[in-house]
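Heads up: the structure comes next, in structure tokens.
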Amino acid sequence: MAQWNQLQQLDTRYLEQLHQLYSDSFPMELRQLLAPWIESQDWAYAASKESHATLVFHNLLGEIDQQYSRFLQESNVLYQHNLRRIKQFLQSRYLEKPMEIARIVARCLWEESRLLQTAATAAQQGGQANHPTAAVVTEKQQMLEQHLQDVRKRVQDLEQKMKVVENLLDDFDFNYKTLKSQGDMQDLNGNNQSVTRQKMQQLEQMLTALDQMRRSIVSELAGLLSAMEYVQKTLTDEELADWKRRQQIACIGGPPNICLDRLENWITSLAESQLQTRQQIKKLEELQQKVSYKGDPIVQHRPMLEERIVELFRNLMKSAFVVERQPCMPMHPDRPLVIKTGVQFTTKVRLLVKFPELNYQLKIKVCIDKDSGDVAALRGSRKFNILGTNTKVMNMEESNNGSLSAEFKHLTLREQRCGNGGRANCDASLIVTEELHLITFETEVYHQGLKIDLETHSLPVVVISNICQMPNAWASILWYNMLTNNPKNVNFFTKPPIGTWDQVAEVLSWQFSSTTKRGLSIEQLTTLAEKLLGPGVNYSGCQITWAKFCKENMAGKGFSFWVWLDNIIDLVKKYILALWNEGYIMGFISKERERAILSTKPPGTCLLRFSESSKEGGVTFTWVEKDISGKTQIQSVEPYTKQQLNNMSFAEIIMGYKIMDATNILVSPLVYLYPDIPKEDAFGKYCRPESQEHPEADPGSAAPYLKTKFICVTPTTCSNTIDLPMSPRTLDSLMQFGNNGEAAEPSAGGQFESLTFDMELTSECATSPM
């Protein structure tokens, strides 16, 4: 069954997470229409190869055109309009950046797969009964639903009682006026007063009953408001706070955030009940004006009840105004909350009170550092202006689910220049990537005679002026959201708190799992812990300072732990993503562990790991071999960097890697990928197939061109491989050699097969720094 069809069969709680994956960057509507085709493409490979990404992107546009033609024949105007709009958007955003849409789609597909796995695991283990956390959450939500239903029922019951009281009051008013009129006539005629006294007693009984019902209604209203206050506190202080914390976690690569639809339904339901209750309290005022008496409970309690319901509704509306999508540059979707000056960023706000009458009524204004002007000057932070479309009206049409929201797509920041280069105080203690800024959203609500000022803030953002500041800026975002749920602590880095290894390890794994299909294993994390904290047995609970994580150089290195790791993450995403997703790259492994696992393997077994000495990120392979005396040798090649991987894929490097011995014989030392996977099975599918066409002859030459092939070679003048140089040296324009170094025989077509070796380094022998 297709993945998309499987997703449609999941429970609501999983479907809510699915909705959260999609946005305007890659509409769910397109995912639905092109599901089979989308799932048949290798988006992960396209995300790492621009040429393939371009091909897939143009094929995507072609698929959209086919769907458009189908809807044109069916005269489906709505889908025609939507597809035309989607295609125009994709062309405007991704035509020059096809790898970006490939990365987005690849991540969505992977998150979908992870969602299916989570659901399957829950089903296999007996559902939520075997998952205490999930069960507690579900039980809490069920209790909340029951409380909301109870509130709605009590509101309706009160509505009926109000009608009974109103009818009783009308009867009392009629009888009272009738008796008064008859009494006046009797006074004029001097008639007997006994009938009048009897009717007066009846009126007194009616008034007593009316008073009892009024007191009952006032008491029930007070109890209802207390129930509303409890439900509201649960919604805002627990459910909404939990969602905001999950949003923080999702921003730094954690599990996808659960969408807001269910929370919106709860809050809207409560808001509707509150407005209905407010109308009931206003009705009490009308009843009071009709009939009032000494000790009237309405006179005593109505003002307080009205004050309470208005305050509850105001607070609910203020809490319901949230940032649904945190500020993010479209070019860096996996690193929200980092904004570069002069570069557009997007963000989205939402009101979780879904009142149709508020559609197109709320104008949102955006500003930055609204409440921190004096603080910014005091601590020397830069100041910025927001440019672009910084006002927008909330509406229900732009969102897929009809929520009341406003998405800002064309915002940019410009620094206010001061005399000292933009810093308000040249003695500022924080570097620019530790400065935190708040983006504020404001609006006013006018509803049923109430004016409510709404304001919400983004999570703190880091503003950079150069993309080279991105790694340190992202480190700040990670550290902040890992250690605090305070949404407005812009002075966080004046005294950054200490994290534990358990917290750091989880976040580090997210940096891989959020952009690839694989997080970090316990063994890989242990290796990273050793680099951060030194040798140890149990790192759980060990403390890590902000400086240790990001600012101080590692022992014996000229760069920090985070700079090194971030460059490896970049290397994985751009150059070796497919191999990482397959689990072929062991990555982080100590040299002792490396030697231990390879020494028991047959010669030619290799593993792939990251360089520990390359600041810019490097990947290498280590293999085992036997010397002429049968002694096991472990060899490593000098790490390949991004610059080298730009010219040749790592899979092709491994498949073609040779050693040239003193007799000029080419030998391939790599046979298996650890533990025992033939290298052809592991890497062959990631190599470009060799062209079967014969090259054309130069018009000025009688003979055809000879084929060329780039491979990496390590030359050695040694008689055996005991002293094999560790660095990859390559030879240029070596002709006449076949796979085993023997003279190539002419082919049937009279051509010679030839190998051209890319010569980048000239030293014949070198010792690896690894």
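Here the Cβ of each residue, glycine as well, is placed from N, Cα and C on the backbone.
Source: prediction; values computed, not measured.
Reduced to three states, the DSSP call for A2 (N-acetylalanine) is coil. Residues or ranges marked as N-acetylalanine in Swiss-Prot (evidence: similarity to another entry): A2.
Mapped onto three states, the DSSP output places K87 (N6-acetyllysine) in helix. With a cut-off of 8 Å between CB atoms and residues at least 6 apart in sequence, the same chain places L61, I64, D65, Y68 near K87 (N6-acetyllysine), listed in sequence order. Among the features that Swiss-Prot reports, N6-acetyllysine is placed at K87 (among others).
Residues annotated as motif 'Essential for nuclear import' in Swiss-Prot, with similarity to another entry given as evidence: 150-162. Over the motif 'Essential for nuclear import' (150-162), the average per-residue pLDDT in this prediction is 89.
The feature domain 'SH2' is assigned by Swiss-Prot to 580-670.
Taking Cβ-Cβ distances under 8 Å and a sequence separation of 6 or more, the neighbours of K601 (N6-acetyllysine) in its chain are V624, Y672, Y674, P675, D676. Here Swiss-Prot flags K601 (among others) as N6-acetyllysine.
For K601 (among others), the entry in Swiss-Prot reads allysine, with the evidence type similarity to another entry. K601 (N6-acetyllysine) carries neither a helix nor a strand DSSP state and counts as coil.
Annotation for K615 (allysine): spatial neighbours K557, G558, F559, V563, W564, N567, criterion Cβ-Cβ under 8 Å with sequence separation of six or more. Taken residue by residue with DSSP, K615 (allysine) is part of neither helix nor strand, so it is coil. What Swiss-Prot lists as allysine is K615 (among others).
Summarising the annotation, Swiss-Prot assigns N6-acetyllysine to K615 (among others).
Taken from Swiss-Prot, the feature allysine applies to K631 (among others), supported by similarity to another entry.
Residues or ranges marked as phosphotyrosine by Swiss-Prot: Y640 (among others). Secondary structure at Y640 (phosphotyrosine), as computed by DSSP, is strand.
Summarising the environment of K685 (N6-acetyllysine), the number of other Cβ atoms within 10 Å of its Cβ, over all protein chains shown, is 12. Here Swiss-Prot flags K685 (among others) as N6-acetyllysine, drawing on similarity to another entry.
K685 (N6-acetyllysine) falls within a helix when secondary structure is assigned with DSSP. If you look up Swiss-Prot, you'll see K685 (among others) marked as allysine, on the strength of similarity to another entry.
Reduced to three states, the DSSP call for K707 (N6-acetyllysine) is coil. The N6-acetyllysine annotation in Swiss-Prot covers K707 (among others).
What Swiss-Prot records for T714 is phosphothreonine, and it gives similarity to another entry as the kind of evidence. Cβ neighbours within 10 Å of T714 (phosphothreonine), excluding its own Cβ and spanning all shown chains: 25. A strand conformation is recorded for T714 (phosphothreonine) in the three-state DSSP classification.
Geometry remark: Y640 (phosphotyrosine) versus T714 (phosphothreonine), CA distance 13 Å.
Packing around K707 (N6-acetyllysine) is summarised by its Cβ count: 17 other Cβ atoms lie within 10 angstroms of its Cβ, all protein chains included. Counting only same-chain residues at least 6 apart in sequence, those with a Cβ under 8 Å from the Cβ of A2 (N-acetylalanine) are A35, P36, E39. Comparing Cα positions, K631 (allysine) lies closest to T714 out of the modified residues K685, K707, T714.
Here the CA atom of K685 (N6-acetyllysine) lies 24 Å from the CA atom of T714 (phosphothreonine).
If you measure from the Cα atom of K685 (N6-acetyllysine) to that of K707 (N6-acetyllysine), you get 22 Å.
DSSP labels the residues of the motif 'Essential for nuclear import' (150-162) in these numbers: 13 helix, 0 strand, 0 coil. Ranking the modified residues K631, Y640 by other CB atoms within 10 A of the CB puts K631 at the bottom.
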